[in-house]
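To start, the structure itself, in structure tokens.
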Amino acid sequence: MEVTLKRSAALARQTTPLLRPLRPVATYPSNNNNNNNPTPQQRRPYSLFSSLTRPPPNYPGHVPLSFVEKTALAIGSGLISLKNPRRGDLIATFAETTSTPYFIYRLRDAMLSSPTGRRILRDRPRITSTSLNLPYLRSLPPNTVGHTYISWLDREGVSPDTRSPVRYIDDEECAYVMQRYRECHDFYHALTGLPVVREGEVALKAFEFANTLLPMTGLSVFSLVGMKKKERERFWGVYGPWAVRNGLRAKEVINVYWEEVLEKDVGELRKELGVEVPADLREMRRREREEKKRREAAARG
């Protein structure tokens, strides 16, 4: 009798397959007692994460994103930051969501190919007002990298403590590479003398794009659309060619261990890196304003 029942059950399973639940095998763990610990692939078979299935962070502050989420965030942050370039948080988000899967790894590999870059990756230094000892930098001779840097900070009214932490890059080492690039940005300003006005930022971003290939730096050039005619002419005539020429020929600026060259002559460092100082943008803008005032005064007189 028992044998007959087993055969009947087996026959029913073979002849009525459509009565069984239709579900992907890899999506849910089996009810079998031998599969109480499903693999991450079984728990997360799709690219969309829910609040219950999102992977754990790989480092403090990390926010894992699916491909769809990362794409949506990249498009949204890119469009809004083009319209409002003062949104540093969105610019940072766009940089992170567009740097993978290729660009940030290329920058990491550039660091690994350099002895100094490898030391930076090993030491993981951070650039803050505390780590740099700003009062000490003010005491350095005017021709040093440190004094040039602090003088630029004071003149532009900015601080090294304003850089957002990286959140959306999955690889922990690549996240540090992005953080390092972000915190070194003001050193690039000081090295080139470019101010933080929109025109200066676009010129520096063009230089960074030629040197690092990070997509965010290239997108920044499109903000020229919202700039004045004189500013666009100045970029295409002066700062754009300078940025491309210097960015391509200069050594990888991400490999400069800034903390170790603060007492170095800034002119010597520029020569070693292959970076020329462009025309003084603030001075050009000042002369332009004065010329405009003279023309207006002459027209009234």
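Quick reminder: no glycine exception, Cβ is built from N, Cα and C everywhere.
Predicted, not measured: the structure shown is a model, and the values here were computed from it.
Under 8 Å, Cβ to Cβ, and six or more positions away along its own chain, E201 (Zn(2+) binding site) finds P85, L194, S220. The Zn(2+) binding site feature in Swiss-Prot is assigned to H185, D186, H189, E201.
Summarising the annotation, Swiss-Prot assigns compositional bias 'Polar residues' to 38-48.
If you look up Swiss-Prot, you'll see 14-48 marked as region 'Disordered'.
Annotated transit peptide per Swiss-Prot: 1-46, in sequence order, evidence recorded as sequence analysis.
All chains included, 17 other C-beta atoms sit within 10 angstroms of the C-beta of H185 (Zn(2+) binding site). Here the Cβ of D186 (Zn(2+) binding site) has 21 other Cβ atoms within 10 Å, regardless of which shown protein chain they belong to. Cβ neighbour count for H189 (Zn(2+) binding site) (all protein chains, 10 Å cutoff from its Cβ): 20.
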